[in-house]
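Per TrEMBL, the features are as follows:
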| type | residues | note |
| --- | --- | --- |
| BINDING | 55, 56, 57, 58, 117, 118, 119, 120, 121, 122, 161 | GTP binding site |
| DOMAIN | 8-165 | domain 'CP-type G' |
Ligand code: GDP
């Protein structure tokens, strides 16, 4: 869950840091281009050039995700797709982003923002030439900010801003759990897995079929997870699949994109898409 005090602190840090830049680079998870955005922050970014980077492009269903690109471009964003994990980020920025950042006093300064787990640390640490350590949910650091040089003019703030998407319905929370952006509490792990099972059964049954032994029935989510556990040899007494262990592993592999490409949402499902 998100904690109100924490959200407020993080928002304040972004508010301070935003003054120093002319562009905001928002990282979004390509699998949930709607749910991993944080619309509530729009007013903070009002006067800035807005760049959206759809990250984890390697594990999304490209045709579905592409539909979002048009939507956000029509709303005035610069949109790029990428797999930050497998590229040279400095070169990518020089080639695709630097020219988009408005110049002020002969410099182009930008702030990176995004929901938890969308790739902020991967982005920043690779630019710094350091091994990735997750910033997790740590609120923005208040000491004087540092800048990472991309080229002679372009600088990225070394402290990314953490955005907290609004959880105004359960399916948003489940999708954030499935993408690893939100930690599941209590029964939410079961609920998220059941949500994924229903979605995949309808839209992408191959992923389910590949998770269990050939010929296993895909009737309900509980049995599905048990069968997944069985395939992995997570067994309880009597040779039954260990549901709890299966659940944990399946959710982890889904969120890491190990079971195949998934995009959970398309623009047609939404009446209105905010900025
Ligand atoms: P942060 O919480 O926004 O700082 O996210 P991190 O940079 O810590 O990344 C979260 C997880 O996503 C890590 O396990 C990364 O290795 C992984 N990740 C980052 N970029 C990509 C990508 O382009 N593709 C895939 N498949 N995984 C990625």
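Keep in mind that glycine also has a Cβ here, set from the backbone N, Cα and C atoms.
Fair warning: this is a prediction, and the values are worked out from it, not measured in the lab.
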Listed binding-site residues are 117, 121, 161; which sit with C-beta under 6 angstroms of ligand 1?
117, 121
If you count the C-beta atoms lying within 10 Å of each candidate's C-beta, which of the binding-site residues 119, 161 ends up with the smallest number?
119
If you skip the near sequence neighbours and keep only those at least six away, which residues in the chain come within under 8 angstroms of residue 55 (GTP binding site), Cβ to Cβ?
27, 28, 29, 30, 82, 83, 84, 118, 119, 123
Would you identify the secondary structure of residue 55 (GTP binding site) according to DSSP, in three states?
strand
